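Peer 1: Here it is, the structure in full.
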């Protein structure tokens, strides 16, 4: 014992000795209980095993730089939904007025929950399974549910990347293959393909040339080999990006996260130079304030916030688990959340600038077609020349002149006007045509690009942007599967990643049948929405109400070096759970009110038709929701009744000689017994906070703690229950 220790000094003092047990232990050399006589569990000490465990804790992969990590989170959260879902919601729900509920919900729901996931991942340094096993073992099913949802989403999300790859390679030709309807020979006569003539060139190319779609989900039609090959390429790209973990995916993020912004800015500049672009942007930002009072608008805004940030998938937790523990994750949460929001606004500007240009083109086409009808009626004396204003020149007919002529004819021929078959050709009507998802990317946008100068270049850029947006999100989604599985079951990273991609490709063949697009719609609508809402609610409850908001805030203070705003305390404890519960209720009501169905493309009619899912498809749909949610009650029951071991024990760390808890001297007097009886963490980077042994008020008693089952890496001694 050191000569200057308190005990040595007091041996020569007449003062009454009141030295605490913690002070005495602070000056003693720590005991490795696995090698000592106190090991009463019969567990043998394995030097190689202990070395491997320490190596795993100390050598967890880390990001090469803060920039790489931020780009990974941005690449994950900014995805295809920002480009083709947000603009549609903005157009549908009041234009500029929609931005208000979206921004409000981003601040009161999105930011706090995003910060929560970043914080728990960084603090515990494990994937979603390990994190929730540690915070609340009975709710450990959260991690497994997240993995299942990631798998379901990854299955169909990569199919969309496959479609983008197909269009990307088809863009290297002039004119673009979807710019004109194909000509088919009917004997000696060449005619335009009927299906294309009755729809449009881009619609025909999407449904017939790309998907070769069947008339319903019940008609499989066999595999589409072009799409099967594209899906194989897509999974190969994901596998190569993921095979080395963040060492490989982090480097990919430099390109896949930044390139879409380059393309969006180029498209915005080009779009603003197009005729009619301002009309589209003005239409987008014109607020319809009455929409702000519609509860449906707030529900859709909350759902978009929820999915835009990737909450509940486990990808956010996986990425943050590779951070240093002193990283300022509050800054990261705020930065990524608002970059996501501004990216959505930027994409909306681009989309509406291009759609404004397309609307002007289509409106001019409408004016020309209807002017020819009017000329025909004039030549056949169905209409009188007196109805035509004198300043109207049919060779240079403007939309304004046509509208004036249209109103005059409609007034004079009121009784027989419908028989003339004239269209109003209003620009507003074209701008109000709502398109989203694949309809926006593969039909409306591709049609607009056919009118661009140097259209192949812009098409190549657009679909390369979609590939990168999808790839960034897929890397995050796959990390939500691979990181927790590798952390928990210690499988080889490369082997598991390759196996996962091969298995997903085989299962994903269901999406490249001729009816595959209908399965993509089913999975997109039902496989994730409800299960993820439940997952995020339970995440919030686990941290705020079971682990304890005060304790969590205290740990954040120690980790960050400053105390987070009190706003987060109330958001986590009250606001977010209530808002998420309301969202879940609204989603269930929406599912009940809206009968499950899909839009089928009917070849003979060359038009879409809404169909209800058949019984077997309804069974698949319900099974998806149940299967994704099943780990939640299953793990709870198994651990509640001690049918399986407590998953949190597997997160314990080994004891190394010479390393003890840093702040022993700071323990309160009534915590000394607890300190002796509990497991003592080491100072090495650990998957759990260093003061895990002190659980605060309301925690288990020392006797209860000592009788807990010993985990794989436990110390293996129970002082309170062993007669020795």
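Positions of Cβ are set from backbone N, Cα and C atoms, glycine also.
Where the annotation comes from TrEMBL, it is an automatic prediction and has not been curated.
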Peer 1: Could you check which of 301-322, 367-388, 389-410, 411-432 is flagged in TrEMBL as transmembrane segment?
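Peer 2: It is 301-322 that TrEMBL annotates as transmembrane segment.
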Peer 1: Which one of 174-195, 196-217, 526-547, 658-679 shows up in TrEMBL as transmembrane segment?
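Peer 2: Checking TrEMBL against the ranges 174-195, 196-217, 526-547, 658-679, the transmembrane segment one is 526-547.
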Peer 1: Given the ranges 50-68, 69-87, 639-657, which one is assigned the annotation transmembrane segment in TrEMBL?
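Peer 2: In TrEMBL, the transmembrane segment feature sits at 69-87.
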Peer 1: Which residues of the chain, 6 or more past the ends of the transmembrane segment (69-87), have a CB below 8 A from one of its CBs?
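Peer 2: Long-range Cβ neighbours of the transmembrane segment (69-87): 63, 157, 160, 246, 249-250, 253-254, 256-258, 260, 284, 304, 307-310, 315-316, 319-320, 322-323, 332, 335-336, 339-340, 343-344, 347-348, 351-352, 436-438, 440-441, 466, 469-473, 475-477, 479.
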Peer 1: Is it true that the transmembrane segment (457-483) and the transmembrane segment (334-355) have 3 or more Cβ pairs under 8 Å, skipping pairs fewer than 6 apart in sequence?
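Peer 2: Since fewer than 3 Cβ pairs under 8 Å link them, the transmembrane segment (457-483) and the transmembrane segment (334-355) do not come into contact.
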Peer 1: Same-chain Cβ contacts of the transmembrane segment (567-593) under 8 Å, 6 or more residues past its ends?
Peer 2: 105, 108-109, 112-113, 115-116, 295, 299, 302-303, 306, 526, 529-530, 533-534, 536-537, 540-541, 543-545, 549-550, 552-553
Peer 1: Looking only at residues six or more beyond either end of the transmembrane segment (225-246), which have a C-beta under 8 A from one in the stretch?
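Peer 2: Same-chain residues near the transmembrane segment (225-246) but 6 or more away: 61-63, 72, 158-159, 161-163, 165-166, 210-211, 252, 319, 322, 471, 474-475, 478-479, 482, 493-494, 497-498, 501-502, 504-505, 508-509, 511-512, 516.
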Peer 1: Select the range from 99-120, 141-169, 258-278, 301-322, 526-547 that forms the most Cβ-Cβ pairs under 8 Å with the transmembrane segment (334-355).
Peer 2: 258-278
Peer 1: For the transmembrane segment (258-278), find every same-chain residue at least 6 residues outside the stretch whose CB is under 8 Å from a CB in it, and list them.
Peer 2: 71, 78, 343, 346-347, 349-350, 353-354, 356-361, 452, 458, 461-462, 464-465, 468-469
Peer 1: Near the transmembrane segment (141-169), which residues from the same chain, at least 6 beyond its ends, have a CB less than 8 A from one of its CBs?
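Peer 2: Contacts of the transmembrane segment (141-169) (Cβ under 8 Å, skipping residues fewer than 6 from its ends): 80, 127-133, 210, 226-227, 230-231, 233-235, 237-238, 312-315, 438, 441-442, 446, 459-460, 463-464, 466-467, 470-471, 473-474, 477-478, 480-481, 484-485, 504, 507-508, 511-512, 516, 519-520, 523-524, 527-528, 531-532, 534-535, 538-539, 542, 624, 627-636.
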Peer 1: If you draw a 10 Å sphere on the Cβ of residue 340 (Na(+) binding site), how many other Cβ atoms land inside?
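Peer 2: Step by step: centre on the Cβ of residue 340 (Na(+) binding site), count other Cβ atoms within 10 Å, giving 24.
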Peer 1: Which of 78, 469 has the fewest nearby Cβ atoms, counting only those within 10 Å, among these binding-site residues?
Peer 2: 78
